[in-house]
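Trainee: First, the structure itself, so that you have it in front of you.
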Amino acid sequence: MNLALNLLYKRGFLKQCTSLKVLSDLMDREKIVFYAGVDTTSSSLHIGHLIPFLAMMHLRQHGHMPIVLIGDSTTKIGDPSGKSEMRKILSSEVINNNALSIKNQLQKITRFSSSCFIHNSNWLDNLNYIEFLRDIGIHFSVNRMLSFETYKRRLDFGLSFIEFNYQLLQSYDYYMLNKIKNCKLQIGGDDQWGNIVSGVDLIRRKMGVEAFGLTFPLITRSDGKKMGKSEKGAVYLDSSLYSIYDFYQYFRNTSDSDVKTFLYLFTFLEEDEIESISNFKGNSLNKAKEILAFEITKIVHGEVEALKVQEASFAAFRGSGDRSNIPFFKFSFSGLEEEILLIDLMLDSKIVPSKSEGRRLINSGGVYINGKRVENQNHCITREDFNNNEIELRVGKKKFLRIVL
């Protein structure tokens, strides 16, 4: 197998591929243009979106030429893949702002030049609908489209005609990139398989050449939960939506059984180093988790920020060092009040989702103020609890928050 493809396979990226042997031989002979698309439904990607772009970085290291297709036009329709209901229709202004934000985010992570980023509005916004149906729609079988899991699943919930067009438009994207950029490979999550193979088929029919598609597994944790979700919601790559400290801690808290898998997927460490790290046992496995958390934080947020939150994590768990990057909640006593119920403070700071959960944690001995366990659910915080205008609130073993006056 081609070296680049073999690397993706060994690191756990490869799920399905059209004509793998033919693609491998082609990549042995020449450096190919390949692409992954991203819709602009949000101002930020989350960690679950990152896999295709990490794979792109591996392929780029082997000399292949990436294109990131910004789906500013297809976002106006919405991809039904993996959805049980129609996406909310966004305004053009929101879509354009999201497109710029995501492009900047991916440029920072991948270090790809601006020329690697293309918007599909370049060709989709001015399509003539009648000509599109005559030239492109004629190559699509409704029966075949309905055989794909994306559409089969949605038929039970309702599928709008506008969403039904999505596969044609994504296939047209691939066709256009093949036509103007000689792009020969589309990569994406496995939920995109139907859209990708339809594009491969359209290129064969329209251009008379073979193109290829490759998908990655949808990453889940060993507990069955979807990768990229946390108690605080989606693990966004934008630090204003999900703090860098919490991002680091998300990976620092990886379950033992996921460490090796995530080291292969979310870092660029060499195979022998990963195998060595993965053999850590007992408490030493925490070191492997620290390495994982540092490496992926470095990729997404840069080495300087990764070092800061790593030091903050060490300070929180070991009780010494620079604590300034531990998340904080700005608090002030209201009016003449000189105390506040701890339960209320926990809820205000969002370290717990409800007062009942706060009471449960206190009663089970899982809440600490400045390292001292809280015994009473009616415990009050006073000014005397603050040292240098802050206190440390810990919930459970892993949640730390500085309360700052």
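Cβ atoms here come from the backbone N, Cα and C positions, even for glycine.
Summarising the annotation, Swiss-Prot assigns L-tyrosine binding site to Tyr35, Tyr166, Gln170. Among the features that Swiss-Prot reports, motif ''HIGH' region' is placed at 40-49. Under the heading motif ''KMSKS' region', Swiss-Prot lists 226-230. The ATP binding site annotation in Swiss-Prot covers Lys229, and the record cites sequence analysis as its basis. Per Swiss-Prot, domain 'S4 RNA-binding' is recorded for 340-404.
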Trainee: Which number gives the other C-beta atoms within 10 angstroms of the C-beta of Tyr35 (L-tyrosine binding site), all protein chains shown included?
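Mentor: Result for Tyr35 (L-tyrosine binding site): 24 other Cβ atoms within 10 Å.
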Trainee: Using a Cβ cut-off of under 8 Å, list the residues of the same chain at least 6 residues beyond the motif ''KMSKS' region' (226-230) that approach it.
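Mentor: Residues packing against the motif ''KMSKS' region' (226-230) from afar: 46-49, 218-220, 246, 250.
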Trainee: Going by DSSP, give the three-state secondary structure for Tyr166 (L-tyrosine binding site).
Mentor: helix
Trainee: Counting every protein chain present, what is the number of Cβ atoms, excluding its own, within 10 Å of the Cβ of Gln170 (L-tyrosine binding site)?
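Mentor: By my count, 28.
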Trainee: What is the number of other Cβ atoms found within 10 Å of the Cβ of Tyr166 (L-tyrosine binding site)?
Mentor: 21
Trainee: Taking the residues Tyr35, Tyr166, Gln170 listed for L-tyrosine, what is the greatest CA to CA distance in Å, to the nearest whole number?
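Mentor: Roughly 18 Å, rounded to the nearest whole number.
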Trainee: Using DSSP, what is the helix/strand/coil residue split across the domain 'S4 RNA-binding' (340-404)?
Mentor: 19 helix, 23 strand, 23 coil
